[in-house]
Every structure is written in structure tokens, then in C-alpha cells.
Amino acid sequence: MIWCLRLTILSLILSQGADGRRKPEVVSVVGRAGESAVLGCDLLPPAGRPPLHVIEWLRFGFLLPIFIQFGLYSPRIDPDYVGRVRLQTGASLQIEGLRVEDQGWYECRVLFLDQHSPEQDFANGSWVHLTVNSPPQFQETPPLVLEVKELEAVTLRCVALGSPQPYVTWKFRGQDLGKGQGQVQVRNGTLWIRRVERGSAGDYTCQASSTEGSVTHTTQLLVLGPPVIVVPPNNNTVNASQDVSLACRAEAYPANLTYSWFQDRINVFHISRLQSRVRILVDGSLWLQATQPDDAGHYTCVPSNGFPHPPSASAYLTVLYPAQVTVMPPETPLPIGMRGVIRCPVRANPPLLFVTWTKDGQALQLDKFPGWSLGPEGSLVIALGNEDALGEYSCTPYNSLGTAGSSPVTRVLLKAPPAFIDQPKEEYFQEVGRDLLIPCSARGDPPPIVSWAKVGRGLQGQAQVDSNNSLILRPLTKEAHGRWECSARNAVAHVTISTNVYVLGTSPHVVTNVSVVPLPKGANVSWEPGFDGGYLQRFSVWYTPLAKRPDRAHHDWVSLAVPMGATHLLVPGLQAYTQYQFSVLAQNKLGSGPFSEIVLSIPEGLPTTPAVPRLPPTEMPPPLSPPRGLVAVRTPRGVLLHWDPPELIPERLDGYILEGRQGSQGWEILDQGVAGTEIQLLVPGLIKDVLYEFRLVAFADSYVSDPSNIANISTSGLEVYPSRTQLPGLLPQPVLAGVVGGVCFLGVAVLVSILAACLMNRRRAARRHRKRLRQDPPLIFSPRGRSGPHSAPGSDSPDSVTKFKLQGSPVPSLRQSLLWGEPARPPSPHPDSPLGRGPLPLEPICRGPDGRFVMGPTVAPPQEKLCLERSEPRTSAKRLAQSLDCSSSSPSGVPQPLCITDISPVGQPPAAMPSPLPGPGPLLQYLSLPFFREMNVDGDWPPLEEPTPASPPDFMGSHPCPTSSFLPPPDSPPTNLRAVLPGTLMGVGVSSEPPYTALADWTLRERVLPGLLSAAPRGSLTSQSSGRGSASFLRPPSTAPSAGGSYLSPAPGDTSSWASGPERWPRREHVVTVSKRRNTSVDENYEWDSEFPGDMELLETWHPGLASSRAHPELEPELGVKTPEKSCLLNTTHAPGPEARCAALREEFLAFRRRRDATRARLPVCQQSISYPEQATLL
């Protein structure tokens, strides 16, 4: 700052001189502090009386002048200079009592009042610099006493002022610290200690010196911390029963010290045997009285003043005593048949010299017991435990100080040693990740303790032992591989057995015993392979030169593949007298194992023997030699090849050709455009986990060199594979097998898909075909013996149930063909063909009281047939309403004699021969099966066509009933009922009555059975009645013989009851099976018996029925409806139950029929069709 002011003043002065004015003079005045100095000023004229003027003294940095004198007036003085300044000899200023702060620039000015030119106001002035010299004085100092914690930093600062400026230095314990060193640094008068230690405590002196004098300041530094032991304890040796003292003294700040003593890390006051014999003195020493053998050991002194981490010092106390027995067991077990030891527990200091034994109170003579000897510690060793060892023993030990006495007596017992019950196998092979159980159990007396241990490096937390002492390795890991020992130990003996565990499916284990033999510019590396993990393993040798500089510790390793099966490798091309690191790596298909330990070796140099003189060559050397030193290196970027150029090059090297191969395959050219200037190349397109071999060939002009040395490299574990097309011909066999397998699988999958699609299409077509068949007209049964619809009715071929076959329905819909009196239609091959839409005949369908159907052949009259042909376009619902009923009932519901009207559409042949009355025909028996009780009343029924339709009588004409009845009249004498039953009429002679038809036979049974069954037991035969009808199954007539035989139950093998005899009523071409059931009962209790009662039951109920028969009253015709002329058969008595309900139903139907007939009578014949086909329910 001062020199800046000086430069400013000088610049002002120079600027004034540059204006052409008089150059002022600069005066320097030096004074000492406390003395006086005169600042000269000669601006006044030297002679004469000066004009009126004003004298001013200005100090640079002050706003106002420090001194102003005008004439004879009192001067104006600055307060800092009051009493210390005055004028002397003109305008000079005298300053008394100089101070350091008075130093600076002063200017003298004289203003003449008679001069009014403003340019000359400051012309009369001069500058004076006052320098005040003073001795050094401290402006800032550290405290006299400073406390600092140990390991903390501290700063001591000294600042001194003076003129000239003083120089500050520091001293510690009288030694100049200079600029400092280590933890102490001195800079610009400041002392800085980075880390205060115990030795940093002391006096630090700060000294400020200059030409005017020097000054000093001293600071005492106190370090707060744990104590420092200045007198540690020393090792000591005493005899037993003597006193001993161990010294310990420490220093610390603060000095509130507390001493503690420990024996073997236990406070001496916490040991019961020492509490009464130990003292700690004021100076920290330990006093121990009457020492004992147990007092020997390490004693530690620990002083403390409250700060953490107190110091400690230890010493060992040795106590000398005679040999003595510690604890002799009362019993000593020995193993039977094994080596045993009788121990004598002895302690002695000085050491033990010998031990004497007694057996059974007598001195033991070992020469009398072969195999007995003394152990190194005086124990008695018995080679074979037997009865000779039994007895009581005592021992007496001796050392240089003598003996403390004999031991108590111990009795020897013979015990069974541990013996293994379940021994592990010698070897175990198991896959990694699975569980392995190795049994091991032992017995003995006392029972032994079984334990497992792994030889070498053990497992932590992976091995478990179950309750049977078996070793469990769950899961099995790679670390479990090795040798395991099972040991059994008890008080008698200790036995072990071992086994080897081989863990399969892992990477190889580390190789062992790696050795390197140095060779000239090479090394021979050998090793012992580890376990291969269950797969074939291969090895590679890795080496690298040792880093010569620490800053380049990272370097690339070079690997060389080892031939398969070899356990050594010669590494060539090493630099002589250079230290190399070698390691061996094992690999298999699952990966790489750990590297072996690193071995260091220094290859040797070439021998210095003189070379043999070379003979003149007979052949010209090749003009181009091969590349040298080809090496493959694994780098983070991939596989990198290094090589040296050929030694012999003709003129210019054009390039290299890189060749490679896998294993023993042929050489392939990988790159033939490598530049001749290159000495390294990154090989692209390599495959993972493959062993490669590379070589180089150089070419120049027309010359091609021999191949270079082969460099081996494996890509196992390589993370980066340069992306390029795979090398030709180097596709691995596993990859090729996978590709071929994938293609084969794809082909098989496509073939199976095509076959499946074909099969699904065929199934779908079959389903559509079956669906069309279901949508086609329903199927009916037809006997096999009929060749066509025009077969003769008198065919001799029997029709059994096994000869029925399925045929297509000849009509589009059953409901359209169920018309009363519709003429027969020829069968049609297809429902949509015009030929298949013609009318078909439909016979009347009746239903008896038991709910079974009666079907009779009928043919519509000619005139009705013509009408039907004309009205064919009508809907089938109207034709369905045309129905016929052959039964009648009285209005009162009482059963009346049935009048059978001959409505058969088949006329009698012109020359029909009389024939016996046939038995029940096949259709009648078929309709009497329980199956037809399941048929839907309102279901569709197919038309039944006849071969030759004849002109039938009128549709509802009143025809006479057959003159001959099936049963004798009621008033006739009783005869053999079995002869008059329908089933027994086969043997009756020729009858002149009209031919027996199925309708007549069925009507007979409908009229006779209700009366008979009413008195029959409910449980007769096989009744399967239920609330809504019985569930029956279609089956042929029963072959079980009944009590007396009847037409209801034909004899076994009698198939004539189905279809036999020359004279039969026309057979039914079709029988429709109806699968849909519907409740047709009047109420919930409407039911039918599932079977007819037996013959004996019929005979029992037959006579009462005949006795109670009466004449059927004549029915009143209603609404012009024709009634039958005669009543036939017999009357039955009224029976409650189902018969009454049937009568009620019959009355309802008769009322409906009367209404229908009345309506039909009013209409023409061709228009008599029912408007409500749904009401045409067949009963």
C-alpha cells in the first residue's frame, strides 16, 4: 500500500514538472521512535521580508492539513500532532516524540496572498518522506498454555510489527524448527501440527527479529490423552510359596491415573485364589504373596485416566515346583483287543523327568508284560487290552525338584471299543443339486459319539447329520466333492472310516501341484488334474510376463491349449531372464474351473557354447521365410493374433494368408488379404466353446513361405464374439445335429397335421351324413324274408325277430302319412324325388284299454283314393285327423261286448281254401311286447303298404262280426279252456268263418284281458308299473315256459308264434320305433301292467268272467253315426281302478267321435278331414 502511494505522489510531481514549472525536490527523513525529526521546507525567500503568506503541512492520507500557520495567529494543528509539532527555521516542521504511525509522506505549502494567479497557488510546495524505525513488537501470539487432545491438529500463530519488518521463527525444546518437517509445518510465522501425539507436548517459542532488535513468546503445549507407561513390568521367576513384585509406572495428562492388573485377561481381584494374596501399590506395582503353581502365567498392567484406549504392558511369572499328579480318575477303561493307555496326569516345573508305576500295590515291571511300555509323558501303554491289564494302578512323577507324592489308585476296566454297524461305501457318485445320504452308525461300551468331517476344507451349513448319524448333503454342491471321514469316539477308543464323494455335473476342479521347469527361452509346465466333474476336461496354460513397473501392473495373459489327455506343456518363445507368471485352467462342457495357483519362473538364456562352423549350403535358402512367433491372445474385443515379420524377405512383403481349423479338421483359409505391414489381427466369426488352431503364410511376388507356428486358442468363456459369417466347414456337430433334428421335426409335424386334417374332414363328413340320415324319414323294420313289397303272403320263410332290418321310410313324414283310408304309395328312393311323394296306404290304428296299439291293414275305397289324389297338395295335418276306432263303450262306462267290424283292406282270395284258425300272428305278439307301451300316442307312424290293394268295403260301413266266436257262449257247458284260447286254436279243424286277422285276435285280447286282470294279483309275473307308465325294453317273447302254456307265453323254440304257417294275415312291412315318450294318462295314477298274467291266473279269473257275462245293450246311434250290427265275445264285470278310468276315457272319445262323424256327414266325401289333428289322439 505504501509503495502505491509513493508511485502516485511521484507521478503527480513528474506531471507538474512536465508543465514547464520548477521541478520540486523530494527529501527523505529518518527518525527513531520516541525521538524528534525536522521536516525541511525552503519555499520562503532567503532575504528580506517576505510578503504576506500562509504555511500549510499536509500528510498524505489526511483530509485536512495537519499544520496551518497564518501570520502571527496561532497555528491550527491536527489532534494527533497536538503538542508534538512546531515551525523551525522558516517553514520547516519539527516533530517530537516520533511514533511508528507517524511514518509517511508530508507536503509543505506556502501561499503568497499578494499573488492572485490561480495557476501559481500550488507552485510553492515540496514533499518529504518520514521514516520511523522501531524494534519488533508482537501483534498476535498463541496462549501461554494450550491443551490439545491427542491425534488432533493444532495451529500456533505469531504476528509481529516493526520497522524494518521483523522475521518470525519457531523453536521446540531449543531446536529451530525452520520450515518444519513431517507432521510439523512452519509458514509466515504460523506453526501447524497436523496430528498431535504424546511426543508433541512441550514448550514452543516464537521469536521476531529485525535490525532494531528482537522479541520472543513461549507457549506450553499439553496433550490430553491416555497414559503412557514409562516403567513396564518385567518377566520374573520364583519358587512356590515365595512373594513376588511386578512394577508398573505411567504418565498422563491429566494425571488422575488408576492401575489395573489382569492374569490371562481376568482381573486379579476376580480370581478367588488370588484375592487374599494380591495387592496393588500406589506407584502401580503388583504384590503377590505365597505364590502357588497355579499363579504362573501372564500378568498385564493397564493404567487409565478416563480417556479411551489405555495402554498396557505384560510380563510372565514363572513358578517352580516339584512334579505332582493333578487329577487321577478312579477308573480307567481299556478297549478289548485294542491298544490302550493308562494316563498319569502330571504337571511339573522344571519339566518331568520320569514316572514310576505300581500295580496292585507292587512295583510294575514292564519286562514281564510283552507289549507294555511307557509313553513320553509317563503314560502306561498297553498294546493289547486283555485280562492281564485288569488291576489297580498308581503313578509317581519326578522332576529336578523332586516329587509331590504318588497319585491315587485307578482301577482298570475292559470295555468294548466302538465298532461300525453301517459303514459308508468307498465311493459315492451323485449329480449336483440332488440329495445324498451316507449312512454311518457305530456301537460300543459306552455308546460312542459319531461325527462327520470333510478332509481338508470343510463345508459350512451345507452338511447335516440325522438322528441315525447319517450324513445328509442336501442339496449336493460342488464344494461337497472330496473325502469325508466318519469317526466314532467314546471313553475307550476312537475309530474312523472314510469315503469319497464325487459330485457329477459340475465344472472341473482346480488342478494341483503346478510346477514350472525353466528352459532356454521357454518353460515346461506340469500339473496334476483335478476331478473332471463327470465330463471330459481339457486344459490350457496361461502365462504373462511380470510387470516391471508398478504403474503398469495390468497386462494381458496368453493362453496355450494343451493336447487332449496331456498333463504337461512346453511353452516356447519366452524372453530370457524375464520373470513370468504361469497358471493352469481346466474346462469341460459345463464351463471353466478355477485357475490354479500362480507359479513364477524365469526362463534361461541360450547356451554360450561355441557354434559349430556351418558347412557351405548345397541348396539355396528359401527367399521368403515364414512369419515368426504367432501367438493367439484373448482380449475384451475377442481373439487377437500377434506375430513377427519373416526374417528373409526378397524385396517387399505383399501380405499374409490366415488359415484356421477346429481340432483335427482340415485347414481353411480365413483371410487372404492381410496387409504385409500388419503384425496383429482380430479374428472374426468364431464359435463359442471351440478349440481353434491358427497359422500364417506370407507371400511376396511369386514366393509363398512355409506356414508359421500353430497358435492354439479356446473360445470357452469368451464374452465377445465378432459378428461375421461363420467360417465355412467349421459347423460343430451338435449344432448340425440340432438343425437336422429341427428340420425333421418340422416335417413330421406338417405330415401329422395333414393326416389330422384329413381325419377330421372324414369325421365331419360322416357326421353330416348321419345328420342327413336323421333328418331323412325315420327307419322301420322289415323282415329279411320279403324280397319286395309284392311278396306272396304265403311265404314259407319264418319271420323271427332276428330277421328284421332297418329300411328308409317311404314317406317324407310319418305325421303326413297317418291318414285314415289313405291309399298306398309306392316307395321312393329319395324324399325329394317326384316318385316318393305319392300317397301310401294307412291301416286303421286302434288302442285297447291297456294302452296298446292295434293295427289292421286297410285300403281306401276307390272314390276316396281319387279324392286323396286330387287333394294331395293339402297339408298332412288335415289328413292326420282321419282316424278310426274299432271299439265302443257304453255311455255309462260299463264294459260292453266288443263288436268287431271287418275293415280289413285285403279281400278274401276267390278260391281260398279253408284253413284252421291261426294262432296269434307275429305282429300281434310284437305289438304285445312291453316296448310298445313306451310308444308316443301322438307320435308319427309310418304307412303300411300292401302288395296288392283290393277294393275294401266302405270306410265306416257296418259289417257283420264273425259268426264264430273265439270263446264258447256263456251259457254253454264249460269245456277245456285251454282248447279255446287263441293260442290253442292251431289244432282246430277247418272253419267256415272269415279268416282270422290280427285285428280280431287283438280285439279278443283287448276285451278278455281287462276282466281277467282285474282279479289277478298285482304282483303277478313281472309287473313294472309306475305312476306314469312302465319303463320297458324291446325284447323277443319270453322263452321261459309258463304254468300251463298259452299263446301269451309260447314254448321255448316255438318261433311259429311270430311268423309261421301257410295261412297268415298280411305281414306288416314296417314297425316304427318311437323314442319320444309323452305322458298320455288321464291323471297321475294312470298305469298299465307291464306283463300279462300267467295262464293259471287267466283260468282262475276266466270262469267268473263267463258267469257274469251278460248281453250287451244296443247303443243308440247319435248324429247318424253307424254302430256295429252285432256284439261279439263276452261281457266282463265292472272292476274299479284302471278299468273305470279307461271307461271314462272311452266316453270322452265316443263323444268326440260323434261330433266328428256328425261334421263329416255334412261335408262331401273328399272334404271329410279333421281340422284339428292334434285332437286325434289314439286310445
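Positions of Cβ are set from backbone N, Cα and C atoms, glycine also.
Model confidence over the domain 'Ig-like 1' (24-124) is summarised by a mean pLDDT of 81. Per Swiss-Prot, domain 'Ig-like 1' is recorded for 24-124.
According to Swiss-Prot, the domain 'Ig-like 3' annotation covers 226-318.
Among the features that Swiss-Prot reports, domain 'Fibronectin type-III 1' is placed at 507-611.
Swiss-Prot lists Asn188 (among others) with the feature N-linked glycosylation site. Under the three-state DSSP scheme, Asn188 (N-linked glycosylation site) falls in the coil class.
Around the Cβ of Asn513 (N-linked glycosylation site), the number of neighbouring Cβ atoms within 10 Å comes to 10. DSSP assigns Asn513 (N-linked glycosylation site) to a strand in the three-state reduction. Here Swiss-Prot flags Asn513 (among others) as N-linked glycosylation site, drawing on sequence analysis.
Sequence-distant contacts of Asn524 (N-linked glycosylation site), defined as residues of its own chain at least six apart whose C-beta falls under 8 angstroms from its C-beta, comprise Val516, Val517, His568, Leu569, Leu570, Val571. According to Swiss-Prot, the feature N-linked glycosylation site maps to Asn524 (among others).
The feature phosphoserine is assigned by Swiss-Prot to Ser809, with a large-scale study or a structure entry given as support.
Here Swiss-Prot flags 766-807 (among others) as region 'Disordered'.
For 819-846 (among others), the entry in Swiss-Prot reads region 'Disordered'.
Marked as region 'Disordered' by Swiss-Prot: 869-895 (among others).
Taken from Swiss-Prot, the feature region 'Disordered' applies to 942-979 (among others).
Summarising the annotation, Swiss-Prot assigns region 'Disordered' to 1016-1079 (among others).
Look at Swiss-Prot and you will find 1-20 tagged as signal peptide.
The annotation topological domain 'Extracellular' is assigned in Swiss-Prot to 21-734 on the grounds of sequence analysis.
Taken from Swiss-Prot, the feature topological domain 'Cytoplasmic' covers 756-1179, and the record attributes it to sequence analysis.
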Pairwise CA distance, Asn188 (N-linked glycosylation site) versus Asn513 (N-linked glycosylation site), rounded so that it is a whole Å: 64
DSSP three-state assignment (helix, strand or coil) for Asn524 (N-linked glycosylation site): strand
Protein Cβ atoms within 10 Å of Asn188 (N-linked glycosylation site), excluding its own: 8
